[in-house]
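In what follows, a structure is listed as structure tokens, so that the remarks can point back to it.
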Amino acid sequence: MRHIKQIQSHLTVSGAISDPFAAGKLVAFCAISPRGDLSHAHTLFHRLPNRSTFLWNTMIRGFVEKKQDTKALSLYKQMVHSGFSPNNYTFSFVLRACVELSEFSLGLVYHAQSIELGWERYDFVQNGLVHLYASCGCMESARKLFDTGWNRDVVTWTIMVNGYVKSGEIGVARELFDGMPVKNEVSWGAMIAGYVQLGSFKESLELFNDMQLAGVQPDHAGIVGALSACAFLGALDQGRWIHAYVGKRRMELDRVLGTALVDMYAKCGCMEAARRVFDEMPNRDVYAFTCLISGLANHGQSSSAIELLSRMKDEGVKPNNVTFICLLSACSRMGLVEEGLEIFESMSSVYGIEPGVQHYGCLVDLLGRVGMLEQAKKVVREMPMEPDSYVLGALLNACSVHGDVKLGEEMVDGLVERSLDHGGVHVLLSNIYASANQWREVEKVRKGMDEKKEKKVPGCSVIDVDGVVCEFIAGDRSHVLMEEITFLSMVTDKHLKSHWIDDDEIISVQVNLWP
């Protein structure tokens, strides 16, 4: 900027600053260049003796690109009041500002102005209008503009695909995506992320593989989406491949990408790799910390998970609601009652976060697991909000573990009153009766489930075989290799039994393949 200010002084002394072309170059550098100074550009702009539409557009663009959208729209109003007529570039910038600010009503005004001035059909304006309607969920209006557009480019198509994805119309989005004449990494990434958002993780990974075959290099969004799918499916091999790809491309391990990698490794059980990525991240936010805490808690490393709370404090990162849910879950899994109570109390006293119903549920689960049922019941009775299925279910599960029939019945009654008594609840109650040898009550519960046609959700598991994700559901024998799988499980079971002498230590790994 020092050299730019010298040039500005020279232009001012020589009088050349009145030349719109020279002034435009100067303002453009200050407003748009990464090495510029937007504030200086704004001051210079208002002192110019002669302004042009190009100069107004440059300043509006500068504010939009620097995420100062309110100032951009204010400058647009000044431009119109000063007698300057906006052109297609002007509308493209102000429509972007409306999208960022969710100013749909104001966007409609600018749409009307673009029609009045004859700029609606220009590429930049059309894309801006389609983006406006799609981002606000008005897909019918966006589709009308799209279908009547003269020059639909890859940006227009991608906006529509993304709009349908956000509206939950994944089928329409995929149909439109498949019909795109040209696809770039952004359009592929939008579709991959869309499948992840709707929980279609297998389809997301399949599309990511198709993108590789098409010779398109994935962008940041595509990689993060694919990593999220790998995390949920447990597709470790593919997740490792993506990590290697990130390293090969020398992509910056920013907070979003780094957290996605930590999450993938943690959910696949590779906690060492998760910690290594976490430590390599140049900047860690609450989401990265929470992700690692959750992974450590889920894999029996509760002490390490709790230690991360101190590290968060040292790095100036404030935990959020989800962080405390993960920390309390870590204490619950290992029966760390004192640590859990201390963390629960610190939420409001130290961090100013009032515990929610899920935090109380974790506390009830913690107390219930170690047999402190009366204390857990007291927490449920005194909590400041109505207990939900998670809270009552945690106490019911504790009753099942410790054989407290009376309290278990109370919990089921509470769930029935709230219409939260699904099949799993009655199965737990049946197990409580069975542990107390109350077989008539067991029969009564099972009969009631049959009359209501209630069934427990079958268990399932997902494994990665040669890069292909396979899902197995209890009772489902539809897999093409079911005979081989059954035979192998029987052989494995016999082989393991032959290595143990003590019957109490025999481990059975036979898979429940029958309902």
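Glycine is no exception: its Cβ is also placed from the backbone N, Cα and C atoms.
Per TrEMBL, the features are:
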- 52-86: repeat 'PPR' (REPEAT)
- 153-183: repeat 'PPR' (REPEAT)
- 184-218: repeat 'PPR' (REPEAT)
- 254-284: repeat 'PPR' (REPEAT)
- 285-319: repeat 'PPR' (REPEAT)
- 320-355: repeat 'PPR' (REPEAT)
Long-range Cβ contacts under 8 Å made by the repeat 'PPR' (254-284), restricted to residues 6 or more beyond its ends, are 220, 223-224, 227-228, 230-232, 234-236, 239, 243, 246, 291-292, 294-296, 298-299, 301, 315, 317
What average pLDDT is reported by the model for the repeat 'PPR' (320-355)? 92
May I have the DSSP-based helix, strand and coil counts for the residues of the repeat 'PPR' (285-319)? 26 helix, 0 strand, 9 coil
